[in-house]
């Protein structure tokens, strides 16, 4: 059974393809253009990027090439990008810069990348790309320069206007905890519920409680790093390797299939076209036994989070 053409309806009525192409760490210019273009040729209709990835221009070029060649129309694609912390006070300016880099009139989903604003006092605003950095505190170069006078609630309230203006079809958040969402919901000017919450989810970090909360609130979860990190023990996990060998697929496809079966959006990434194709075409319906086995990996091997930057004094994931 193939899952690769399934869609999920968001709380605003827009539909999101359940399997998308992640592009984090894809920075080689020509290779990234080709990855996006080839992914669309393979059948992907969901492309995920972010301003801080530094590849919006390449992602946009790959999309444009596919559209120009008649492979797809713009309305066939679901494109996501994200607001970086240095521009949380400038969300309208930020999305317009992203759209220019992507060569698009709108994005289908615009996410707040982290629930933390970063200061921009050392940034030259004359060059938009100068915002795409991680500013460090000038008094302590080992920690990020956090804008403690601006909250993620302030940012989200401003993002609501981006949807109303048609710059983003849907808006949402990323790396939000249950407590972050509850804090957002209680603000009197909060009107538009996030369509998605993109977070790290994989067999060693299944996020059961967060997924259940989001589902109850009508928010679709998206899984980034569904295979863990680049050197992830997930890819060599003996239990997953055994399942993959028996099903004649790779461990990556076991993880993506498991994610799809759990009912959220999953964003496998690769810079190799062959793997991009496998992660889309080689998905299977896991048996009840295999599904339960993957569900039990956290308990067997322990919980593992691979993406956990220090935003002190803000406590992420709490």
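Glycine residues also receive a Cβ, built from the backbone N, Cα and C atoms like all the rest.
TrEMBL lists 53 with the feature active site, proton donor. According to TrEMBL, the substrate binding site annotation covers 113. Per TrEMBL, domain 'NADP-dependent oxidoreductase' is recorded for 19-297. What TrEMBL lists as site 'Lowers pKa of active site Tyr' is 82.
When other Cβ atoms within 10 Å of the Cβ of residue 82 (site 'Lowers pKa of active site Tyr') are tallied across all protein chains shown, the result is 26. Across the fold, the C-alpha of residue 113 (substrate binding site) and the C-alpha of residue 82 (site 'Lowers pKa of active site Tyr') stand 5 Å from each other.
Rounded to a whole number, the distance between the Cα atoms of residue 82 (site 'Lowers pKa of active site Tyr') and the residue listed as 'active site, proton donor' is 9 Å. Neighbour density for residue 113 (substrate binding site): within 10 A of its CB lie 20 other CB atoms from the protein chains shown.
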